[in-house]
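J.: Below are the features listed in Swiss-Prot for this protein:
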| type | residues | note |
| --- | --- | --- |
| DOMAIN | 172-347 | domain 'Helicase ATP-binding' |
| BINDING | G185, G186, T187, G188, V189, G190, K191, T192 | ATP binding site |
| MOTIF | 296-299 | motif 'DEXH box' |
| DOMAIN | 366-542 | domain 'Helicase C-terminal' |
Amino acid sequence: MEKNLPDIFFFPNCVNVFSYKYSQDEFSNMSNMERDSFSLAVFPVIKHRWHNAHVVKHKGIYKVSTEAHGKKVSPPSLGKPSHINLTAKQYIYSEHTISFECYSFLKCITNAEINSFDEYILRGLLEAGNSLQIFSNSVGKRTDTIGVLGNKYPFSKIPLASLTPKAQREIFSAWISHRPVVLTGGTGVGKTSQVPKLLLWFNYLFGGFSTLDKITDFHERPVILSLPRIALVRLHSNTILKSLGFKVLDGSPISLRYGSIPEELINKQPKKYGIVFSTHKLSLTKLFSYGTLIIDEVHEHDQIGDIIIAVARKHHTKIDSMFLMTATLEDDRERLKVFLPNPAFIHIPGDTLFKISEVFIHNKINPSSRMAYIEEEKRNLVTAIQMYTPPDGSSGIVFVASVAQCHEYKSYLEKRLPYDMYIIHGKVLEIDKILEKVYSSPNVSIIISAPYLESSVTIHNVTHIYDMGRVFVPAPFGGSQQFISKSMRDQRKGRVGRVNPGTYVYFYDLSYMKSIQRINSEFLHNYILYANKFNLTLPEDLFIIPTNLDILWRTKEYIDSFDISTETWNKLLSNYYMKMIEYAKLYVLSPILAEELDNFERTGELTSIVQEAILSLNLRIKILNFKHKDNDTYIHFCKILFGVYNGTNATIYYHRPLTGYMNMISDTIFVPVDNN
């Protein structure tokens, strides 16, 4: 199979690659190797121009129905032409005349090997390819890209490293090899914003064919970019939509998939070769309907993302190509080498467009003295913002560990600094309106954020990062703050240096950084359920294997005790969030209850019917003792009395002191048990 991407098929980055139409005179002056490059045009031409086409006779000349209107006729017999008319682009025989393209149309039959194509066929493929606008050259202008993919506006000018000819060749060779690909690159080289667009281009040209050595039938499937959060789906799809010269989704090659998607974000005329931006959960529901699978933010180890990797690896023959993208492989390289079958590793060298300066602010308190450490950290933060201040009209991002700390640090900073203060995290509504204020303000803006801003939203005027170096890692019925990993540091640092030079101020000792094994602090039921659905062998088929396998097996026993069939579980997985696995017992009771419970999981609207149903599950928690936290909050120290984690201690906040027991409705809603 052809492994190298000829120059004429580069994606137009509008910097040193442009859309281009080649003339027959240019073809005549090419070397044999250059001419042979046009043989690969047969694949996109068959898919997008000759599919369902036929021969017509137009003004006495045989042509393809895509060239001219006319009555369908039987094709003429073809030998070697007696004359070539380069100006009219026609082959002339004693009895008839045929267009270059029609000649190629008749010669390019199933099982024809492309290395057998002669000059006569190649000239016709050149004409057909010109009509499709699939060729490129190092000369041209942006406006030449209008119409390449049906776009009304030109492609964006992209100087990033991932769209250089060298990177395009390397990525194409990996894509066409059908090996799993692990792609890394510094923040700012265009991994997420450009590589999916490049794979869309390759899929448009060559996707669906089992080989590029000869003509075969094709089975066209879209590309999917699977992402951990809805915010990322919306952000990256919009970026690529605009960069491909579209202003609306309908009729474009871009589609979105996530739960409760609004009508206006549904592409009602999607392209078979297009790219779907999807949340991980919805990616899993139709995983094998896609030809190329791209999984982004691999370093985050989102639970469903890791499951997709495991499923794709187990069933790799059902997917043409898999790309795993991450900023760094610091934590996962060795595991990926062992886990994936013959993986290809690609690194796109490069850095952010602008220089990033680093500043270390030492905290003299040991982190083991948690409260004292945080108080010193807050004092250091005020000093750092005073010393390293964003310019007027710009912003800085303060990374803290949790949503609660966002409010704590904002309150602290507001009392000591004269700048505009904002909070952005995953639970904040109308983030766009907050950003409008940030962008329109002539003042300095300071944005306090949980790790959400590592990747979910790009702040265009940010010049400074103030990184506390911690993250809250949830665990069943609790969680803990931990210092970040190297990959998380790279993500946070990379928020600056994209538009202007930036400054990264960090408040933690680098020796504190460590890899975070999220699977060791997660509910494991999804691993069990998806393993059943996709015939995974546990634990060896998991990308990341839990340290404590006892919990995995206890989870399996707990799920088996529900007495729900695998078929029903699969339907539940496809249709509902099931943030608590116990909800499955209710989803199977009645369609009406299932609809109300689903609405509760999506919107938080708790009806009396749903509350009573959940209370019937008896998800009981024993209150051991409590203490007063502030005016309207009491901390309750409790013990879980149900499920896999029966006996686990938990800390629950409530607006008044409680004794005895409470029932769990969700991870944030608890109902005291009446002691009477």
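In case you wondered, yes, glycine gets a Cβ from its N, Cα and C as well.
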J.: Name the residues of the same chain, 6+ apart in sequence, whose Cβ is under 8 Å from the Cβ of K191 (ATP binding site)?
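T.: Expected: S162, L183, T184, G185, D296, M325, A327, I348.
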J.: Go through G185, G186, G188, G190, the listed binding-site residues, and name the one with the sparsest Cβ surroundings, counting other Cβ atoms within 10 Å.
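T.: Result for the binding-site residues G185, G186, G188, G190: minimum number of other Cβ atoms within 10 Å at G186.
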J.: Over the motif 'DEXH box' (296-299), what is the model's mean pLDDT?
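T.: The answer is 86, the mean pLDDT of the model over that range.
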J.: Three-state secondary structure of G185 (ATP binding site) from DSSP?
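T.: Assignment for G185 (ATP binding site) reads strand.
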J.: For T192 (ATP binding site), which DSSP three-state class applies?
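T.: In the DSSP reduction, T192 (ATP binding site) maps to helix.
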